[in-house]
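J.: Handing you this structure, nothing more for now.
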Amino acid sequence: MKVKVSGEYTLAEIEVELDQQLTPDDLQPGATVLATNESTGGLERIVSHEELSRFFAVGPAGALPMPTDVVVERTLADPAFKQILQEADGKKGFDPQAEQMKIRDFLAGVTSSKMTTEQSVFHGSRSNSSASTVNRIKCPTCLVQFDAVAFQNHSCEAKPIEVAVPQQEKPHLVPTVSAPPAPLSKPASERVIRENQVRLRRYIKDEMKYDLATGIESSRKNAAKGPNECTMCDRKFVHASGLVRHMEKHALDLIPSQTSEQPHTIPAAGLHVVVKCNSCGRIFYDPQVAFRHGLIHDSEHSTMRQSPMTQVPSNRADFNELLLDGEMLIDNDPAFATSNQNTNPPKKEMFSSLILGSVLQCEFCEYIFADIAELLVHSASHVAERRFECTACDIQMNTAKEASIHFQTDCIFMREAIRSLNVTLSRYFVCNVCELKFANTDLLQEHRCTSFHYFPRLNENGKKLLLPCDFCDVNFEFAHDFLAHSEEKHLNKKKREKETRNTGAGRIRQYLCDICGKSYTQSSHLWQHLRFHQGVKPFVCQEENCDRKFTIRPDLNDHIRKCHTGERPYLCLVCGKRFLTGSVFYQHRLIHRGERRYECEECGKRFYRADALKNHQRIHTGEKPYSCLFCTKTFRQRGDRDKHIRARHSHLDANSRLMMQMQKFQLETAAAQKAQSHNPEQQDNDVAGGASTSDVPSGSGFMSTEPSVAEMQYSITPEQQEEMVCVPIDEVNNSFFMSHYMQAVPMEEDGSGQHIIVFEQPGQNMDMMSIYDQQQVGEPMHESGVPKRPAEENARVVVVKNNPTKPIFSDTYL
């Protein structure tokens, strides 16, 4: 190889044999190919592969690049690549001819190897070169190559090429590495970006997805994936269901961003110093990005100052946008630096520094702001007609919610693309408040009504917020009206249909209790229920001095918390109340949820609990099953009776309470006899059957006709109820009182084992107590001090002494 310096160029003349073919790999690093132009006779630099193929032979078959026509055809046939090209242009339509020319121009400047500052655009991987050639270093001053050891000991005394060449010829100097040549008029030379000083993004694998050297598709989707491995990322799952749930997160990732600007990386949470543009309000984490953004405002002001006649069309702006898309390196081009000097840098007054902990991001692009007013002004600049567009079917939508619904439910092409990934994407409906998923819209609307997840909307005038019903075209102003409408018109119907669906063969209660008729779905539940009938209590409390036993373990746990530990483990997160048992806590939660499951068939009123509905139904039936123990008043609820006893009878001692009970018994007996006298047919039937009311003492439990509670209540007059007061024993006729109630005590035929209750007056001696009998008043006392009736010798009288410290009745009524 001979090297000579001729005129204004440094040329490398390579001598080859006739049968030898020269490839581009035989060139040295940094070499520039010059060819003679036949028309002008001058030298011209070769920059494309097509022009280079006229002088050099094509490489071996294994290293053949993919033909340009094939790459262009595959690129235009792929919808994803079409979308990328369309976004890069920023135009609404798609021109295949123009895009084809752009792809060809781009491929003309891209090689199969990665472009760096040390390699030329035409220098590929030299597979036939030796290791010594690859590791050799060329001196930039004398252009002599050395190995690594010799280059360290090399001391160059030659003058640099820039000094050897005259100054007037310096712009025409052919550089080796540092100084790029003057730009040509061809678009391909501009896309090379001034001789490798800027490294573009690798379109070979990232965007074009084809390896130009081998023609093998290098998409990561075709890589070997496991049976439960995500095709979008490297996540692996044990079960297919986990993969399906994971792929739902990638659903919206298939829709490319509608903004051509690459999203910047926001730092982690915390306080950060940001730069704010005072012109538009945008904030930046990187000062360099803010500086480039300020040039846009300067160009806008300069454009407004220029007249339309003085504006010169140039492709330099498009070229700068291409630089922003790539990763820029250090630029040493003198011509480019001179052109940048004419552009005034943005003033410092255009920016201000802030310390922020949170930012506001536009929902339509990646811009971030610090002030809500500036964000609203920016959001209004987005055109509503083209905010979101489906890349598969070219349908345009206004909001992200519409785009998401279209992608998940309506777009057939997108579902086909997902199905090609062999992943089943479940169709679901999500609540925007709690992010719960539902299988259909009916369940979603039912959840919104019961959980108060309402979404008010403005009316046509834009002055009021209304609650629209999703099932019908009715709007409501208040939430309680909307809830009542949903429960009455829609939710009840849905629940009845759901109950009808749940009565299938799989939900039949086939385990029936022979004693009470209750049925269960599982045999274990029936076994636990039978313990109540059999009286089996296997669970014993282990606390000291406590031998309580229980049928089921939950009752034992409730007993321990209530009587020993006092623990209330069930906490309501809404109001903060705590509960002992889970059943009470569950009923309490229904209040916050607003779930009134139990409805009255008479009036339609709904309740949270079944016992509340049962108490309410007694209003319609008139039933009052809870009667006072000391008077004739009756109540519908047990709590009302207990309140009455604490208010009216808590001051009574043991004897007074017993007297009140006897007075109540007398009035009830009189009412029963009165009711029987008004029913002669029933009395005749009793006589015909061999039964007589005289055979059984009145008021006993052996009467054939027993009046109901309501009859006894109406038979006793209010005057009689007012007369039922506690009177001391000294103020009543003891002979009449004792004789009357001793006759009313039921006795067996032999009279054995029966007792007659008598009283000891407080402060009176036992020997001084007089006991009267109805038939024989003056019968003397026996020696034992216990009187006996003449016809019933074994009937004893039990003397009950008053002990105020131990009341007869439970303290619950006090």
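Placed from the backbone N, Cα and C atoms, the Cβ positions cover glycine too.
Summarising the annotation, Swiss-Prot assigns zinc finger to 228-250, 275-297, 360-382, 429-453, 467-490, 511-533, 539-564, 570-592, 598-620, 626-649 and lists sequence analysis as the type of evidence. The region 'Disordered' annotation in Swiss-Prot covers 669-705. The compositional bias 'Polar residues' annotation in Swiss-Prot covers 691-705.
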J.: Pull the DSSP breakdown for the zinc finger (360-382) and write it out as helix, strand, coil residue counts.
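T.: Going by DSSP assignments, the zinc finger (360-382) contains 9 helix, 4 strand, 10 coil.
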J.: Would you mind listing the long-range same-chain contacts of the zinc finger (429-453), meaning Cβ under 8 Å and 6+ residues beyond its ends?
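T.: Those are 470-471, 479, 482-483, 486-487, 490-491, 494, 593-595, in sequence order.
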J.: DSSP helix, strand and coil counts for the zinc finger (467-490)?
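T.: Per-class counts: 12 helix, 4 strand, 8 coil.
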J.: Which residues, given as numbers and ranges, are at least 6 beyond the ends of the zinc finger (539-564) yet have a Cβ under 8 Å from it?
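T.: Same-chain residues near the zinc finger (539-564) but 6 or more away: 528, 531-532, 580-582.
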J.: What does the DSSP secondary structure composition of the zinc finger (598-620) look like, as residue counts for helix, strand and coil?
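T.: The breakdown for the zinc finger (598-620) reads 11 helix, 4 strand, 8 coil.
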J.: Just to be sure I understand, if DSSP states are collapsed into helix, strand and coil, how many residues of the zinc finger (429-453) fall in each?
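T.: Split into helix, strand and coil, the zinc finger (429-453) gives 10 helix, 4 strand, 11 coil.
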J.: Over the zinc finger (360-382), what does the predicted model average in pLDDT?
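T.: It averages 77.
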